[in-house]
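Straight from TrEMBL, the features:
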DOMAIN    9-101  domain 'O-methyltransferase dimerisation'
DOMAIN    124-331  domain 'O-methyltransferase C-terminal'
ACT_SITE  H256  active site, proton acceptor
Amino acid sequence: MLDAELQLWNHTFGYVKSMALKAAIDLGIPEAIHQHGGTATLPQIVTRVKLHPSKTPCLRRLMRVLTLTGVFGAQEPHDDDGGCDDELVYTLTPASRLLVGSPGQNVGPFLTLMLGPIFVSSFLDLRGWFQHETPDPSPFKMTHGRDIWELAAHDAAFGRLFDAGMVADSSFIMDVVVRECGGVFEGISSLVDVAGGLGGATQTIAKAFPNLECSVLDLPNVVASAPADTAVKYVPGDMFESVPAADAVFLKWIMHDWGDADCVKILKNCKKAIPAQGGKVIILDIVVGAGSSCDRKNVETQCLFDLFIMFINGAERDERQWKKIIFEAGFTSYKIIPVLGIRSIIEICL
């Protein structure tokens, strides 16, 4: 019974880990350790973060949780005289190294968005949401009275937070994509990024493959804000109506926003846009269960994100569910490349 209680307590207080991580990012603790050469004692961290002196003991408790969960490391130091210093030396781990540095390496803005009150509050009354008929309203809209895009347009501060988070995630994962999955972009001369926003992902592809003609399709109001000083072409339009012709169509992190019928419609338009010989659709998204089957954390995180994306009435898919919409759209073959952590590349051919 005590083991059962432990399991429930660990589950119940799991959100404290998330809030501890948020506090560390908000306080700038990873950057403080980084600026100190990658290792720092608590007094050294305190000199670089905004903290009331009376809260130093509380910061020590925060760091204990974050070292226990692997966000930071901790070492027992020895002074130069051979005696033992009382202060632990905190170090950056592979996880916290992703919270420092320049865009493309720093995922902090994405985590700040995910852990912020606007997103978190959407999950505080799931019982009420489960008692409404699908699909409306989403948990997000039930909480805030607007969907996520309406709120981003209405609330400038949230809009900036949302854009910064999406750019941070896109920059990080696209650098990995071109390095680990660059082969999917070889052998084609043109590519269109559907619903590609301001083209951050497409510009990463264009830089890695300078001979590839890249374009972005998005709604006219989005394209109106697109940068002009780039080789990427921006095309106003609607993916539910048509997709510009190209050797390959790229769908990054958008299919989970839509139900099966909408996804089939998008894929059918993609099929019309690519040539019968050599054409393909490249999807970057989660395939639940793909990747290391023995890595429980990988599958658990995929399932957690599936539950998370439910807050906008979205859904992640396992291979069987992906296969269903791919074949319904008229494609005959696909290949899943599970080398992007919890995400995968799905290469679809005619």
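Backbone N, Cα and C define each Cβ position, glycine as well.
Note on the domain 'O-methyltransferase dimerisation' (9-101): DSSP counts are 50 helix, 13 strand, 30 coil. In the structure as shown, the Cβ atom of H256 (active site, proton acceptor) sits within 10 Å of 17 other Cβ atoms.
Over the domain 'O-methyltransferase dimerisation' (9-101) the predicted model carries a mean pLDDT of 92.
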